[in-house]
């Protein structure tokens, strides 16, 4: 019985860690979301099912916490903004 409880708790911890990630969300053109205000990014991240977000001042891009695994937080192709 104790082993079953340990396995259940370990599985819950692993699934919780694997289901959420932090990073810069990307749009359909593989571009980061530009920003000036934290509230815009927080709203964007929550819309994407994240926990919260803010505007990272050094690159003026939204950064999100707690995004689902299916959400893109890195891309291998260039941003195609304006094409």
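Placement of Cβ uses the backbone N, Cα and C atoms for every residue, glycine included.
According to Swiss-Prot, the protein has these features:
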SIGNAL    1-19  signal peptide
DOMAIN    21-80  domain 'LCN-type CS-alpha/beta'
DISULFID  31-79  disulfide bond
DISULFID  35-55  disulfide bond
DISULFID  41-62  disulfide bond
DISULFID  45-64  disulfide bond
Check each residue in the chain of residue 41 (disulfide bond) that is at least six apart in sequence and keep those whose C-beta is under 8 Å from its C-beta; list them in sequence order.
-> 33, 35, 53, 54, 55, 62, 63, 64
Students should find that the Cβ of residue 31 (disulfide bond) has, within 10 Å, a number of other Cβ atoms equal to 16
If you skip the near sequence neighbours and keep only those at least six away, which residues in the chain come within under 8 angstroms of residue 79 (disulfide bond), Cβ to Cβ?
-> 29, 30, 31, 32
Far apart in sequence but close in space: which same-chain residues, 6 or more away, have a Cβ under 8 Å from residue 45 (disulfide bond)?
-> 25, 51, 52, 53, 62, 64, 65, 66, 67
